[in-house]
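As recorded in TrEMBL, the features of this protein are as follows:
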- 7-80: domain 'Cation-transporting P-type ATPase N-terminal' (DOMAIN)
- 60-78: transmembrane segment (TRANSMEM)
- 84-103: transmembrane segment (TRANSMEM)
- 244-268: transmembrane segment (TRANSMEM)
- 274-299: transmembrane segment (TRANSMEM)
- 667-687: transmembrane segment (TRANSMEM)
- 693-711: transmembrane segment (TRANSMEM)
- 747-769: transmembrane segment (TRANSMEM)
- 781-801: transmembrane segment (TRANSMEM)
- 813-832: transmembrane segment (TRANSMEM)
- 852-873: transmembrane segment (TRANSMEM)
Amino acid sequence: MSIYAKPWHILPEREVLTQLKTKRAGIDNTEAAKRLKEFGPNTLPEGARHTIVGFLWEQFENPFVVILLIAAGITLWLKDPLDSLVILIALFVNVFFGFFQELKSERTIEALKALVKYDAPIIREGSLIMIPADQVVPGDILILRAGERVLADARVIEADMLEISEALLTGETLPIKKSSEVIAEGASVPDRTNMVYAGTIVNRGDGLSVVVATGINTQAGGIAQSLVELEEGLTPLQKRLQHLANFVTVGIIGIASAIFIIGLSTAIPPVKIFATAVAIAVAAIPAELVVAVTIILTVGMRRLLERKALIRKLVAAETLGSVTALCVDKTGTLTEGQMQVVDFIVEGGEPTRDMLLRAGIFCNEAQIEPGGKILGETTDVALLHAAREAGHGDIISMRKDRTLDILPFESLNRYMAALVIEEEGTTIYVKGAAEILLPSASFFMHKDLNIPMLDADRERLMQKHDESSGQGYRLIALGYRRFKVDGAPLHLEDINNPLEELILIGFAVIEDPLRLSTKDALVDMERAGVKVSILTGDHILTAQNVAAKLGIFEKGERVISGTELESMPDEIFAQQVSNVGLYARVLPHQKLKIVSALQAQGEVVAMTGDGINDAPALKKADIGIAVGGAADVAKEASDIILLDSNFETIVEAIKEGRVIFDNIRKATLFLFIDSVGEIILVGGYLLLSIFGVVPTGILPLLAAQILWINLAEDSLPNFALAFEKGEHDVMSRPPTPRDMPIVNLQALALMLGVSIATSVLLLGIFIWMQGSIPLDEARTIVFAASGIDSLFYILSIRKLSVPIWKSKPWENPWMPTAILAGLGLMFSAIYLPPLQAILQTVPLSFGDLGIVAIYVAFGVLLFEMIKIILGLLDEKERKQLKIYEVDKA
């Protein structure tokens, strides 16, 4: 029988270890390598990855490529090989650019996915080591720890208050208590409480397990195998752009058809008018739009990764620029996250201090690695460091052997407890919030004496606590209670109330320094119109002091505590949430309430978190941000992972989100401006010829010329826009409304204004020149003007908030390269004999080039004038140009 088919839940630990040929000390590395080869890597099946051939084939599924293929076939059939050749060149360029960019984007996304990997804590050869999750094999001893993901199917052999959330696997929302006890043979998967499964989350407690299945042979692997055919759909923005492109495509095909029908009534040969109609359709349809957006999003994701922000979901890159409210935890994001014990508030000096450190050692879930590094929750790490520096290493080393039971810290109770065997008897140590321990304490410690706690003592101690909290310190209360040897409890569940008859030892004063850059970053957020709210579990005085130092809280402003929030009706809170920027003693489930209330007020909310219980709020937020060191479940619920936990990184992420939206709009504007112009130019001439205003039987642009212009303008220049780093005022304007159209009224006015005016002018130039110079020369001038103008418009487009002479194109190295490449293609078409023959162009004289230059200069000046009229320039530029009144009008 395969090891995967065995009912491991009915076998006792000894039999499980025997059949898997392993032991509690784990297998050795040689055996692990052999099993990895036999069973394969511990990875879930994925859908078929795109191959190079697959990417190439996908390009021919593009309807625009199909149009080109049909057009090439028809022109060949109509015996027009030159137009067929140009169409095939345009086809090759479209396919090549689409193929290259999709391949590059796919590889970028795969590289980003590779960064979100998990390490497995396992025991091999008797030592605890961390290995990549895909290296885990059957027979490994897997350690289970609160907040971490279970990385393989395993049989529990040791459990300490172990609870697993199996919602992702079974849909059961309540955590399942696990044990090592044998289960009856007929039990279903959810009822096998001595088994843990890959993909589930350790909700609390810890345990030891032996791996029985990995990869595709796990319960999750079976489900994943059935889903491999499903593909991730387009993001909302991509869908909007696809709908826009489809709408425009239908319209342009209609216009092209109308041009063809109108052209049939003229003296132009049907093959020429057909080729022209096809060329206009191909050039005008925004085939590159969705590809351009993918490039822009990919470039944005790469830039964010350089700034230590890992985008897990593509939709997050779109939404970042729309964030209006940010809910942020103080610890580790606004602060350094490097907590240290800086003082003790105790009665009686050194003996009491040593007892406080002893309590901090046992009431502690931090782990010490073989090299001495301490890992765990920051407060626990700070307490162990303080104890080690005070010379209590011997107590630390016996911590595990002497601890009978632990009650982990829970946000609802706000304390943790540890039951410990000592020479004096069994002791329960307690660590938690002063508001919980101080009112419950019956005594306080003074040297070696336990003094009855009077109300006056409580007031005195709380005053000391508040004085330190008011200076921004975090205070942790510690206490203990000792039992007699006879009848001493062996488990915490045997104690009705762990706080009963508690002896308060004192307070550990902990400091977490503010990041030096945080205050400036908060100013940037305020200027960008993003409201920042601090959500912290700290005491209200600590929270107020820190917020005041950061400049986002002033005396007298509203602060809401977790206790107040819990009792506040949702409708009342919804009315106040917009005016509150500071929350203290907040519980994780209350963060969800805050996020929901802000969203109900129309805010686009981003939220940071790192704990298991932060996951629901992270998932609810429009942008969930997991900070460095976050629990696996928090990372899974998030859209972004901060690799450095720095608040500045969040600011940079929001800035990049705005830049992404701006660049998408600019790419759309750039693609449409010349397309509309070409339609007006050719369609307008045909209409004039029908009414006898101009000679019939000729066109201002030939099909091959239109396709060549499309090649020169829409390839590299459009690609270069993806690398724009944004307008200098991108963080000085309000957030982008999430439902704002890509082509808003300003963009539409700019596009139509430039397109109509320049195409009408160019049409007039062509008509004027017909009688004085040969047709091929006049058409070449129109060809040159139509192809070169957009290569200069892009300089205006890339920086809409400043005049063109301040756009500094060299800031984006791709931009001058793209413009020079476009100019090279245009001049090659005019002066290289082989291309002259294909495109029916002639060399232009200096006088002809002067006409082109004047036309292009007019187009650029018109572009800049419309920017001014529409108020696109920022306030500083308007004042310098003395046109502030125009914008106000």
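Heads up, the Cβ atoms here are built off N, Cα and C, so glycines get one too.
Scored on C-beta pairs under 8 angstroms, the neighbour of the transmembrane segment (781-801) with the top count among 244-268, 667-687, 693-711, 747-769, 852-873 is 852-873. If you look at the transmembrane segment (852-873) against the transmembrane segment (693-711), you find fewer than three C-beta pairs under 8 angstroms, all six or more positions apart, and that falls short of contact.
For the transmembrane segment (813-832), the neighbouring stretch richest in Cβ pairs under 8 Å, chosen from 244-268, 667-687, 693-711, 747-769, is 693-711.
Sequence-distant contacts of the transmembrane segment (667-687) (same chain, six or more residues past either end, CB-CB distance under 8 Å): 241, 244, 248, 252, 255, 258-259, 262-263, 266, 276, 280, 283-286, 288-289, 292-293, 296, 694, 699-701, 706, 709, 713-714, 717-718, 721-722, 742-743, 747, 750-752, 754-756, 758-760, 762-763, 766-767, 782, 786, 789-790, 793-794, 797. Residues belonging to the domain 'Cation-transporting P-type ATPase N-terminal' (7-80) score a mean pLDDT of 79 in the model.
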